[in-house]
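Enquirer: According to TrEMBL, the feature transmembrane segment maps to 20-39, 45-65, 77-99, 105-129, 150-168, 174-191, 229-251, 257-280, 292-314, 320-342, 363-384, 390-411.
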Amino acid sequence: MAISDHDSNLQIWRDVTSNFISTFCGDMFSFALGLMLLHATGLSLSFGLSLMIMPIITLLGLVPVGNLVDHYPRKPIMVISLTGRIGALIIYALVLNSFHGTGKILPTVCFLIINYLSVNVSTTAYTAAVKELVNPGHIQRLKALTQSGVSFAAIFSNVAAASLFVILGFNAFIWFQLGAHLIALLLLLSMKFHEELVANHSESPQLGQLAQFKQGLTYLLSHPFLKSIIFIACFINFIFAVLTIGLPFLIVHHLHAGAMTLAILNACWAVGMLVGNLLISMMREIKHLASMLTISFLTLSVSLTGLGVLLSLSSDRLTLQLLGGTCQLIIGLALAFINTPFSVYQQKTIPSRLLGRVSSTQLALNTASVPLGSLVYSFIFQIFPSGSVFTISGVVLTIFAILTIPTFMGIKMPSGVVSDN
């Protein structure tokens, strides 16, 4: 039985609500966790623990997580994963105050390992289960609105966390996070997963872990567009470390434009992502995928170049806020029109029985490229703290775009979803 439009809209509402609450409280918790560790230990790695642990867990889970998701029902996997995260958070809350100073790092690392393992499993299972939640005509809307909720949460979460941390302390954020997890669990339990519409996952896998993983990798390598776009995404993630590493360094320490300027620029990026995904959610089903990706990719690279020129020529606070904010807004818009349409394409073209393994591979590659880019740009900005690093990065990205765009010029968005048979 096909999923009705009414049921699809109801599923979208539950999913967007769950993602917004989870992201908002999760981002606040992560920010407060960094502040707590910084105050307790005085170590600069306080805000970097997550960036260190998450890629390692994602890479270690590359083979088993994708196999697990593709061979067993996705809803029970997500319920068990979220329940495990709730249990880990409760244990962390109970034992944290037994440690002092740098000793707090030990329970925090243990908690983050379990937390990111759960996040990895849940994210992969959710990505693979989209076709079980809504009908093909609502995949684009679901993806766009979910990303809109995540972007909206990102705009305010750090500001709210910084304000509430001073008033309430870290323990309050544990309760916020626990409440968010419980709400997400209730919403997850209320959602209907139409497993009968996709391949049967109940049979135990007959092949070994590596053989199962190889099936997904073989599928990925046999589709040039998927292979090309994942490579492009990894390169963009690598280059965009120039923003996460370089922007705070240049704005606050080199140009002395203040933390408020940095906050405005980051907020403009999130607003761009929000507006872009809201526009996608209101659009008719995307058909000309290649044209949209081409325009967005070139816009992204040119905007990054423009931001670099601005940072090289001006240190005026208002100019940076207005023109820099505009560049960041356009960058956010362009990213939305790259990420969401490609995510929809994946859902429509990759068989559900392989989505877990393909998604797990993509997640691992994307996650690994972020810390690699962070290391490279940290080294570059220590030696050469200049806006010209942004300009050069933008030019490199533009050249890369011109070279790779021909690889997907003939790609169109399918009208329906591929069969698992």
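Every residue gets a Cβ built from N, Cα and C, even glycine.
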Enquirer: When you look at the transmembrane segment (257-280) alongside the transmembrane segment (150-168), do they share 3+ Cβ pairs under 8 Å, ignoring any pair fewer than 6 residues apart in sequence?
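Expert: Yes; at least 3 Cβ pairs under 8 Å.
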Enquirer: Between the transmembrane segment (77-99) and the transmembrane segment (229-251), are there three or more CB pairs that fall under 8 A, provided the residues in each pair are separated by 6 or more in sequence?
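Expert: Counting Cβ pairs under 8 Å, fewer than 3, so no.
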Enquirer: Please check if the transmembrane segment (45-65) comes into contact with the transmembrane segment (390-411), where contact means 3 or more CB pairs closer than 8 Å and the residues in each pair are separated by 6 or more positions.
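Expert: The transmembrane segment (390-411) and the transmembrane segment (45-65): touching, no.
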Enquirer: Counting CB pairs under 8 Å, which listed stretch among 20-39, 77-99, 105-129, 257-280, 390-411 touches the transmembrane segment (363-384) the most?
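Expert: Answer, by Cβ pair count: 105-129.
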Enquirer: Would you kindly list the residues that approach the transmembrane segment (20-39) from elsewhere in its chain, counting only those six or more residues past its ends and only Cβ-Cβ distances under 8 Å?
Expert: 46-47, 49-50, 104-105, 108, 149-150, 152-154, 156-158, 160-162, 164-165, 170, 173-174, 176-177, 179-181, 183-184
Enquirer: If we skip the immediate neighbours and take only residues 6+ beyond the ends of the transmembrane segment (390-411), which ones have a Cβ under 8 Å from one of its Cβ atoms?
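Expert: Beyond its ends, the transmembrane segment (390-411) has Cβ neighbours at 224-225, 228-229, 231-232, 235-236, 239, 242, 246, 289-290, 293-294, 297-298, 300-309, 311-312, 345.
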Enquirer: Do any residues of this chain, six or more beyond the ends of the transmembrane segment (257-280), have a C-beta under 8 angstroms from a C-beta of it, and if so which?
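Expert: Non-local partners: 140, 143-145, 147-148, 151-152, 154-155, 158-159, 243, 247-248, 251, 286, 315, 317, 320-321, 324-326, 328-337, 340-341.
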Enquirer: Let me check one thing: do the transmembrane segment (77-99) and the transmembrane segment (292-314) come into contact, meaning three or more Cβ pairs under 8 Å with sequence separation of at least 6?
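Expert: Counting Cβ pairs under 8 Å, fewer than 3, so no.
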Enquirer: Looking only at residues six or more beyond either end of the transmembrane segment (292-314), which have a C-beta under 8 A from one in the stretch?
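Expert: Non-local partners: 229, 232, 236, 239, 242, 250, 255, 286, 320, 323-324, 327-328, 330-331, 333-335, 337-338, 341-342, 386-395, 397-398, 400-401, 405, 408-409, 411.
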